[in-house]
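First comes the structure, then the notes that go with it.
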Amino acid sequence: MGNNQGKTLKIGSYHLNFVKQIAEGGFSYVFLVKDSNTSKHYALKRILIRDEDELKGVKHEISIMKRLTKHKNIVKILDYHKVSDKNNTEMFILMEYCSGGHLVEIMQKRLSSGSKFTDQEILKIFQDICESVAYMHSQQPLIIHRDLKVENVLLDEESGIYKLCDFGSATEEITRMKNKTEMQNAEDDISRHTTLQYRAPEIVDFYRSPVINEKIDIWALGCLLYKLLFYVTPFEDSGSLGILNSNYTIPPNHTHSNDLISLIKIMLNPDPINRPNIFEITNQLNLLRNQQPLFPSHKSNILLSYNENNNINNNNNNINNNNNNNIVNGKNIPKPLPKVVSQTTPTPTPPPPAPSQSPSPSPSPTVVNNIENNSNGLEHSNSNGNISQPSPTPPKRRATPGTTPSLQPVSFPPNNSNNSFDDPFRDSPRTNLSNNPFNVNSNDNSNSSNNNNNNNNNNNNNNNNNGNNITNEEILNIITQLTNNDQTNTFDSGLLLKLKSMKPGKGTMHIIVKRPLKEPLVCFKSLLLVHALLSEGNNIQFKSDVHDSKDLFNNLYLGWSKQKDRYLQLGELLSHYSLLLYKFILFHQKNYMIDGSFAFEEMKWGIPESLDSNNHPISINTIKALFDIMDHLFLVQNNLSDYCINNICSSNSSGSGNVPISLLQHCVNILNSSSYSIFCFISGSIDVLSKQFSDVDMKLISCVNQFQSMYTRLREQYTKLAQVPCFSDIFFPTLPNTAPTFTIVRSNSFNRLNSSLSDLNLNNNNNNNNNSNNSNNSNNSNSGNLSGNASLNSSFDNINSSNPFSTEPTFNPFSATTTNTSESGFGNFGLSEPTSNPSPRYQQSNNNNNNNNNNNGTPISLTPGSLSPVIGAKKPPLPPNIHHLQQQQHPQQQQQQQQQQQQQQQQQQQQQQQQQQQHPQQQGLRFPHSASLEDARLYTLILTPSSSPPLSPSTGPTTAAQQQQQQQQSQHTFDNFNINGHAPPVPQSTQPSFQPHVSFAPNVNINNNNNSHVSAPHSLNSSSSSISSISNPNLGGIAQKGSGNSLMPPPLYKPAARGHRRSQSSNGDEVRRRNLLQQQLEQNRDFLNHNRLLNKQSRMNNPNNLFDEGDSGFGDGEEEDEGLLN
C-alpha cells in the first residue's frame, strides 16, 4: 500500500495527506497521515469490507470506540468515512496518533538492549492498562475487550501514557450457553476474536462454565502481566493443556517483586468466580504505587487477604514436614507464594505480611484452585525432573461442591502424564494401573494410608477426603449401575449425563476393568460407556486413563473372537466393537489435539505446512487413519444389523445374547454420531488441503477417491440400518445428496499428473467392473459403482466447496455411455471431445436386473441409450487429458464409431447431392444461421418426415446425439445445419424434393408446472420443447442442457454449479417424470398443428409451389403426425 504516499483524503473537516504506512493486518492497513490545516499527525485505519457481516462488525467497533473515546488510556476516535463502489467497500477510521508505537515493539527494543522493564515501570504500564479496562467494565452495559495483549497497547510519547487500542473483538454481551448449539456458536465466536495464549480456561473448554463474562479479561491481564515480567506468555509451550490445568512456570532466580508474582497468581485462577474483578486489581495497583484507590467501594488490598490465607495454611501444616524429599516422594506439592529472598525489589508501600518460608506447608481445604500448587511446584520442577505434579482439569462445580480433587495428598503413578507441562499423550509407554488409580482418594481410606510418604499429611486433609470420597462413591455407583447384568435396567441416559458432568479421569478404567466383562451384556454396556465418554469433548484425563488400559480392548477382541461359535452374531459384534474402540484409543493417543467429538477446529490448529505433516491434525496421515476407523465402523454396523435381523426381529425377543433392544438402539446412535463426525472432519480436511496446496499430489487424489467411496458406503449403511425394524424410530444423520467435491488446481508437473491419473482411471474402471459383477454375491460391496468416475471427476471440479454440503452431484447420473465423435449430421458443430460418465442408475439396474414397463406393458431394459435424460443437470467438460485417457481405453469401440461416422457422412453427402440436382433454386432455403437452437429444433420437428422421438436417448449410433449435445454446449450459430441430424437417414423415396422457407408463428406460452427447472437461453417456448413417446425408441435423445422440456440429448458434461438431485431416485420417479413429459407433449399438440396449418396455407397461396402432398413432410395423412404427437 505504499502507493498511497502523497495522496489526499477528506474526512469531515480533516484534509489528510498520506505520509506512510505504519501497520498492516489481514484486511486492514494503518497509515500515518497529516492534516494540511493544522499540520497535526493522525493514524488512519483503512479496512477492506467484503460482506455485510464485516460491515456490521466495523460499525460495532466504531460504536464501541465512540463510547470509550473520553478516557485518557484509550485511543480516541476522531472521525470515520465509508467509501463504496461497484467492486469494493472500504471504511476509513481516523484516530489519534501515538508516536511511541506498540508496547511489544518497545519490549523488543528493551530486550535487545539488555535493559528490561523495572518493577516500577511495569506497575505504571499495567496500571494504565487496568484503568482502561476498568472504564470498559464500568459501562452500562459493560464492554468486554476479549483481546487484551501487549500488541494492542500503544504509547503516547508526549504524555507518557499507555493507551489501549483495537476494539474489533469487544462485545457487550455476556454469553450464557444452554445447549450444544449455543456452545458451538460461542466457540466459533471466541476462536475469531481471541488469541489462544491469552484465553481463559472457560473459553478453551466450554463445558467448564455455562457463562462467559468479563472475567476472561482478568485472565488475559494475568497473562499480559506475566509477559511484561518475563517477555513470554505463561502458556507459550504448554498451550491449551497448560491453560486448562493452569500449569505455568515461574522462572527461578527472577528479580521481580513478590507482589507482582502474587498478583499474577491471583488473576490466573482457573475458577472465574475466584478471580478478582478489575476494580480490585486497579485499587491494588494504586496502593503499590502509593496512590489513593480509584474505586473506594471495592477492595483495596487483595494481596493482603491472599497472603493471610496462605499464612493460615502454613500455620496449619505439621512443622515436622521440613524435608522436601518426603514431600516429593508423597507427591504432595506445597502451595505457598514463591520464595522471595534478597532479590526481591521493595515496593513503595509497606509490604504485606510475608509468607512463611517453611518448605513444607500443606494446602488449605478452603482454597478451591490449584494455582499455588502450580507456582511452587513449577519452581521445583525446573531443578528436579523427578517431581510429578498433578494438575488435572478441575471438575464442574455442580459435580464437586467441595474442594478440588487436585489438592489431595494421594499417590500418583510415577509416569503420570499430567505431571509434565507437555501434552499428556506425548510419552507413549505407559505403566499398569496403580492400586489407587484416582487422582483423588478412593472410597477405601486404607488405600491412601498405604502411601507411606503421605502419612504425615493424612490428618490435615480429612475434610477434603470426605468430600472427595463422596464424589468417588458416586462415580463408582453410576458406573456399576450403567454396566450391570440386569436386562431390565438398560443404559440410563440421565446417569450417563451425570457421569459426563463429573469429568471422570484417572481411575475410571480401574472400575470398569473390575466388572465381569465375560458376561456379554456387561461387556456390551462397558464398551458403550467407554465409547460415550471417549466421544465427549476433550477429556484429557480420561483419554490418558483409557490409553493405559488399551490392552484390555485388544484382549476383549481376541477373547470374543474365540466365542463366536458359542454366541454367534453377538460374539462377532462384541469382538469387532472392542477392536473399534482400540483403534479409537490409538488414534486419540497420536492425534491428541483432536477431541473425541472430532470437531474440526481449523482456526485453532492453523494451516498445515505439508500434506503429510505428522504433528498437525489436518494431514493425509490423519485422513488415512480415519478411513481405517470408518472401515471397521462399517463392519460393526453390519454386525448390529445382522444380529438384530437374525435374533431379535425374527423371534421378537431379546436375542440369544440377551441384549435389550434399547441398548442396541443406543449403540446405533453412538455409531451414527461418530461416523457422521468423522465424515465431516475428513471433508473439511480435504477441503483445506486442496485449497492450501496447489501442487496436485496423488496422495490427495487417492484420499478424494476413498472419501467418495466412504460416502457411498456410509449412505448405504444408514439406509440399511434404518430398514431394520428395531431401528426404524432412530434418527439418522442427514447426508448430502451426493458426495462433496473439492477444487484441486493442477500445477506445472502436468506429465507426472497425467501418468498418475491414467493409472488411477484404469483402476477405477476395473473397480467398477468388479463391483458390478460381484454386487449380487456380497452384501458388503458398498464401495459401489458410484465411486469410480465420479470421484475422479470431482477431483478436478471447478466448484468451490468450503462447506461439505454446498454442492450437488459432480457427475450426470443419467448420461450416455462413452463415445468419441468428430463429425456427424450436424456438421462441424460443438466440441470435439465429449466426456463420458456411466449412469449409476443404469449400473444399479443391471446389477439388480430391474425392468421398467412402458405404457403398452412391454418391458423396457434400462440400457444406456434408453435411460431417461437428466432434467436441469449442467455438466462442464472434463479436462482434456481425461478425455484422452478415456479414448485410449476402448480402441475397438473407437474403430466402430469411426466406421459409423464415415457411413453417416457418405449418406449425408448423397442426400445433399440429390437435393441440389432436383431443386437447385431452393438451395438457399436452409435454416438461417442466426436462428437459436430452439428454433432449429422446432424447424426439424415440423419439416422432417421422421418417426416420433422417444422418451429416452437412442439405442442406435450415438454420434448424432453427441454432436447435438456439442451444439447446445457451444451455443454457436448454425453451420451446414442438417435437419435430419436427429434421426436415421430417410430412404430416398420418402425424402422431400426440397426444403422450403418457413415463417414461424409468434411464441406460444403454455403453462408449465415444472417450475423447478431453468429454461435454456434463446428458447422459443420452454413448455413446448419436449415431445415424448415410447412407441419408437430408435431416435436420438431429447433432453437439452438447462431445460427439462427440450428435444436435445442428455448432457454429457459435468455441472458447473449445482448438479442433479436424482442420483438416488427410484423407478417411481422415472415413471412420474415420463408422465410429466407426456402431459407437456399433449400441450404442444396445438402448437404443432398451428405450424402445420401455416405451412399448408403458404403452399396453397403460393402459385409456384413445387410441393405435392405426397412429397411434403406433413401432408394430409395423419399417421406420421399421430406418431409424432402421441
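Each position is counted from 1, following the chain as shown.
Quick reminder: no glycine exception, Cβ is built from N, Cα and C everywhere.
Of all ranges given (903-934, 1095-1126), Swiss-Prot attaches the label region 'Disordered' to 1095-1126. Among Lys45, Lys56, Lys59, only Lys45 appears in Swiss-Prot as part of the ATP site alongside Ile22, Ala23, Glu24, Gly25, Gly26, Phe27, Ser28, Tyr29, Val30. Under 8 Å, Cβ to Cβ, and six or more positions away along its own chain, Asp147 (active site, proton acceptor) finds Asp166, Gly168, Ser169, Ala170, His193, Thr194, Thr195, Tyr198, Ala220.
Classification of Gly26 (ATP binding site) by DSSP places it in coil, neither helical nor stranded. Long-range neighbours of Ile22 (ATP binding site) (same chain, six or more residues apart, CB within less than 8 Å of its CB): Val30, Phe31, Leu32, Ala43. Neighbour density for Gly26 (ATP binding site): within 10 A of its CB lie 5 other CB atoms from the protein chains shown.
Of all the Cβ atoms in the protein chains shown, 12 others lie within 10 Å of the Cβ of Glu24 (ATP binding site).
Taking all protein chains in view, 20 other C-beta atoms sit within 10 angstroms of the C-beta of Val30 (ATP binding site).
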